[in-house]
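Per TrEMBL, these features apply:
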- A:7-150: domain 'Aspartate/ornithine carbamoyltransferase carbamoyl-P binding' (DOMAIN)
- A:59, A:60, A:109, A:137, A:140, A:265, A:266: carbamoyl phosphate binding site (BINDING)
- A:87, A:170, A:224: L-aspartate binding site (BINDING)
- A:156-303: domain 'Aspartate/ornithine carbamoyltransferase Asp/Orn-binding' (DOMAIN)
């Protein structure tokens, strides 16, 4: 049906526009499941999925876990603190052990770029990247694109602005690959210290001037600013960061009346985003959370190679 | 050991020899070098179609002993080097304990002699490579060091470096600098540029090397010391070297095979065998290295042979140690990338891999040339022999090569080191 052939989802960089479209369409068809009184389909019944979170995560982990449950998969949760990695066991050995337990799929979050890629190469089972280092967070980009498409009816031709720490953002990087493939134009805005070198060569526009950048944006996607970047001299203070790069109702006066405000969470209220905007009418932050579930169900379903979503209803 | 190597094309750039000759090695020494040598009861090696060149000299290796024998030992490192046609090497002092005491020097040289192999150790610049107090260079020199370096720990304290250069120049010791401002490199695992942006890896800019090279050159100017820039990798650093040379400073530099053969694109699979320091640079920098070899601003090819265990290299790219093997592939890579691509002549390759390293170190006459009366240190090579790099065949204890699976053209067939013949391939 879908023509999906990939074993793994490690990066949006690898996907074609058609493949991204397939994930988004599949997610659309799965969305309804979560509105039923019995929110469960038997699609992945009898399959085991290991969630390996070597880096703290609440939202992404919970979203994956719930998606797996709604597809009736069996789940193995391993987090950085409970796994053997703290004891110096090699990541590869951890995974090989899990593979020996006949797990069918591995969802991995890791603080090192490339960890999911190396695993996907080493393992026969499907690997889903739930965020690697400062590189990619594919399901986040997919749910962001899904949300934009849901609200705006399209991606092509839209102007999507990212504000904040682009340098260390896997959300931004995955979105850049995805949105440019889908025909949207991407604008990146942040202090120069937090903009990756030569990123404009990926076909995006770069600016340090937020006031100008918000003017014609259809979507503003905020990135979480981490306080420890101040210690590394990326910016002088959180206070100054907020003065220059906070999205608040004042600056939104310059924006389009139908602009969407997005944030991958968790929000630093009062720093990158003011509370009134986070909770205001432009904000689709909670829709992102809801849609994340459908996207992750779609990804797991497509990678599983299951023939259909509900061969028999439970 | 006695042997006659017959019909080899002897190429010795220093003595301007380029002719098919026989070489008679008698009790380890070069007894004769001429056409049609006849001698009774001496084994003969027919080296028809092969080239006999001065033994290769590698200015930069890590043989890991003492302290990291799980990666390499002096014996395995020396065997790997011999297999690569190398008869002498400068070992870097980042061992445990570091090479900052005469007893460590003694140990290294003694173990090399047992092979036999020639190690010209680099001692440390500072005690414990800690960048605080100068090491005892007089005593170290007496024990047998030929250079000083703090290796990967660049001497950040400019005053200490000034004193080190003054003190070393008093002893005519070569000062080797791994020029890198570590504050600027921060937590980078590859070079900063478009590729690092695409791959989402933390990166270090060329400037971290450039600024360090510039400072060290200015201190060499101030002190008159002999400064050797290890594994140069950026266009900017090379321009500083060019300028220094044109001004008559005693500044030399080396480049590794991986820095003239590969660029940062090699990291696309996040393979830790492409993680080294300095990192693989941009294609533009790679081309600058080739240009520097061609115009002579780069004096030598040195490998920075840096063995690491597979367990270490199995780690995530952020955590895996920097470094790749070199000695067993350097001749093949140099021939493939420089000779067969017509960047350098065969004589120029020998110049960069033997003649010039001997000059930079001020080695005795038996190195960097083929001369009757000297101990035999020569390498027999097949310039057109094609082979595929197979880690299973490495003599090194480690397997972390960035040329695994690559087809190379140009192979070392046999090596004579300190008069002992090592034959690696069948020679008809």
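Heads up, the Cβ atoms here are built off N, Cα and C, so glycines get one too.
Since the structure is predicted, the reported quantities are computational estimates derived from the model, not experimental observations.
Listed binding-site residues (A:59, A:60, A:137, A:140, A:170, A:224) with a CB under 8 Å from any chain B CB: A:170.
With respect to residue A:170 (L-aspartate binding site), the closest of these binding-site residues in Cα terms is A:137, chosen from A:59, A:109, A:137, A:265, A:266. Helix, strand and coil counts from DSSP across the domain 'Aspartate/ornithine carbamoyltransferase carbamoyl-P binding' (A:7-150) read 69 helix, 27 strand, 48 coil. Secondary structure at residue A:170 (L-aspartate binding site), as computed by DSSP, is helix. Counting residues per DSSP class in helix, strand and coil order gives 62 helix, 24 strand, 62 coil for the domain 'Aspartate/ornithine carbamoyltransferase Asp/Orn-binding' (A:156-303). Considering only the binding-site residues A:59, A:109, A:137, A:140, A:265, the residues lying within 10 A of residue A:224 (L-aspartate binding site) on a C-alpha to C-alpha basis are A:265. Its Cβ placed at the centre, residue A:265 (carbamoyl phosphate binding site) has 18 other Cβ atoms within 10 Å.
Listed in chain order, the extra residues whose Cβ falls within 8 Å of the Cβ center of the carbamoyl phosphate site residues A:59, A:60, A:109, A:137, A:140, A:265, A:266 are A:57, A:63, A:130, A:131, A:171, A:264. Neighbour count (other Cβ atoms within 10 Å of the Cβ, all protein chains): 23 for residue A:170 (L-aspartate binding site).
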